[in-house]
Ligand SMILES: Cc1cc2nc3c(=O)[nH]c(=O)nc-3n(C[C@H](O)[C@H](O)[C@H](O)COP(=O)(O)OP(=O)(O)OC[C@H]3O[C@@H](n4cnc5c(N)ncnc54)[C@H](O)[C@@H]3O)c2cc1C
């Protein structure tokens, strides 16, 4: 289908789930596609690799991992298509929490005397989450009054510190920022997309791929017949009435009829666009809206068996969650932890042994860290965290953030309308970009 005036029909920039989905769908329709990826691997903010953590040896996921089979139709279709296998996470044996600086053994989420407060807060969050319909851009849903700092939203509930602390979890687990820094729309949208269920949103660590996310994205990429170039960051995207010219940081130039920008929203400001990005896109990217997540995989000794330990980061140095993955034959457990590693706060845990140990002991003082692995997503220039929208952005610009600019289309989980910031959202937005690019190229009169 390629027109000889161009090197390719489409250049896709970025090889995460959104970009690879766009590549695969377009090449399936007969278009010639070039994928330019900055890193030396596919997968972006998913990264599965064979690794050793203490005595554990196997596949570790340093980024996106969990899938929700009941609702994530795009993920499930891909997993089925390539014959991969899902397995369920280990069932927790206890539900302790560390909120408002107090260890609570559970299973009640808050101490008994706070339980009516807890119910009132749950009712308020569920009522507001019910105003949100996943699949529709948030600027089309009349929810501007919820686009306020989540800390302010929680304060207005007038609940006890333990209840407030417990509900900060929904803000932080999804954005890896503190409640005053993010919009309440983030956690409320998260609850809405989990079937408007607090329990479902709380127990998000559901099923994951036995073969690893890398096996899935690898299968999709091999199926695409795209020309894939690694270690090829893009520096400039120029379009005019004739087509798109994409220039790499090394100065290589490629021409195409269309381009799909499938890089994280926070990285768009690092690419030079001519004509420039719309005001909403460029200001949102310059504002970064960045999450500061650390997901750490650890061999831990002397911890309680299979806890699901939730914390409020405000009072726990940034700690959010500690769960067990499996018991190790030689003793100890493989555990996964999540925390906010705030770039502007000096008291953040950091990612060296002492910092990870501090995180672990904050939640579980008796536990011993043996070994760990993690990746600093927030300082990774090709990721810049994942998206954590600040107040006032999504209720104004969600539609525009995802809108094409003539021959240039945008795809990333950061702008999705269902499962925003999930692998599912990435697949949905890659699929949409491929449909839009195909429509553009299928109009012979206006598009050569
Ligand atoms: C710690 C962590 C835990 C997570 N847990 C889950 C989970 O359990 N379940 C879930 O569904 N999701 C999870 N996510 C989110 C999920 O991983 C992402 O939403 C999804 O992978 C994003 O896909 P994407 O294609 O939009 O972006 P990315 O995966 O970031 O892909 C973008 C690609 O663009 C490339 N790129 C960037 N700039 C340039 C450039 N200038 N030129 C060329 N290439 C460029 C990058 O290298 C990258 O490969 C998690 C994320 C993190 C960080």
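Here the Cβ of each residue, glycine as well, is placed from N, Cα and C on the backbone.
Any TrEMBL annotation is an automated prediction that lacks curation.
The record from TrEMBL ties 37, 38 to FAD, and of the options 210, 234, 237 it ties 234 to that site too. Its Cβ taken as reference, residue 338 (substrate binding site) is surrounded by 23 other Cβ atoms within 10 Å in the chains shown.
Proximity of residue 37 (FAD binding site) to non-local residues of its own chain (separation of 6 or more, Cβ distance below 8 Å) is seen for 14, 15, 19, 228, 229, 230, 231, 232, given in sequence order. Each of 13, 14, 15, 36, 39, 231, 232, 233, 248, 263, 382 belongs to the same chain as 37, 38, 234, is absent from that list, and has a C-beta within 8 angstroms of the C-beta centroid marking the FAD site. Residues 37, 38, 234 are recorded as binding FAD; their most distant pair of Cα atoms lies 8 Å apart. By neighbour count, meaning other C-beta atoms within 10 Å, the densest spot among the binding-site residues 38, 234 is 234.
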